[in-house]
């Protein structure tokens, strides 16, 4: 629906034609083209400015994000290799879970191909912000349009840290409210998985969040000087190689990482920030290790 989208290329291994035909009937300026299967992947990506990767399997009840890892890691690796070969300058948006591992996978693949630009690789964590904004608005009876809660860390369980003390407009929370809201934001994905009772995970709210992040990227690419979003990127804010925080987006990707959000945290947030780091570190290392193992296997084959 965004007037900033001139062409939309859809790719999957099956069932693309129907979705493309359906979407192409919307009276929007974008041209919709469909590409099916590995033989059409290169053509799909040529000349693309933004590559969005939501591919993979969703979480089912009882599944951890680790269970998703093996399947989705391979899918992301294959797709990012194709991006590296066909549109290395594109913004790359990784949605496929577990984001804490799939973004490092993408980075390693791009490094191997000699085209890694850390400013243009994003883990899409916007859904955490969308949920935080929604839940805080409901809890405090605020006007949604005004509410902005930065969410830092990663994109799974305790690695998701909403900085409620940094909510704009300024609002106070009791310790109980802070704990309750933080846990709900961290477990919101599971809330949907359980409500769907085996029929999938969060798709509509995820689509909404992804659309927001893609549109923000398109505004940045178009030269809008005032675009800020939380996203999981290569970062020096902590000792971790990747970390989600608010960034300023520009024509070349990440223009700056907003470090002020991590200053003057509450005791609860400071402890939570320390607690999430070992888990996030392990997920990042798992992604990197996956690519190195695959590379070693390919050499010895």
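Note: Cβ is positioned from N, Cα and C throughout, glycine not excepted.
Looking only at the domain 'Lactate/malate dehydrogenase N-terminal' (3-123), the predicted model's pLDDT averages out at 95. As annotated by TrEMBL, domain 'Lactate/malate dehydrogenase N-terminal' applies to 3-123.
Residues or ranges marked as NAD(+) binding site by TrEMBL: 12, 72, 95, 96, 97, 206.
Per TrEMBL, the feature substrate binding site maps to 59, 65, 97, 131. Counted within 10 Å of its Cβ, the other Cβ atoms near residue 59 (substrate binding site) come to 20, all protein chains included.
Positions annotated as domain 'Lactate/malate dehydrogenase C-terminal' by TrEMBL: 125-291.
Taken from TrEMBL, the feature active site, proton acceptor covers 155. Just so you know, the Cβ of residue 155 (active site, proton acceptor) picks up 29 other Cβ atoms within 10 Å once every protein chain is counted.
Cβ neighbour density within 10 Å is lowest for 206 among the binding-site residues 95, 206. Rounded to a whole number, the C-alpha distance linking residue 59 (substrate binding site) with residue 97 (NAD(+) binding site) is 9 angstrom.
Counting only the Cα atoms, the space from residue 206 (NAD(+) binding site) to residue 155 (active site, proton acceptor) is about 12 angstrom. The two recorded residues, residue 97 (NAD(+) binding site) and residue 155 (active site, proton acceptor), have Cα atoms 9 Å apart. Cβ neighbour count for residue 131 (substrate binding site): 25 (other Cβ atoms within 10 Å of its Cβ, all protein chains included).
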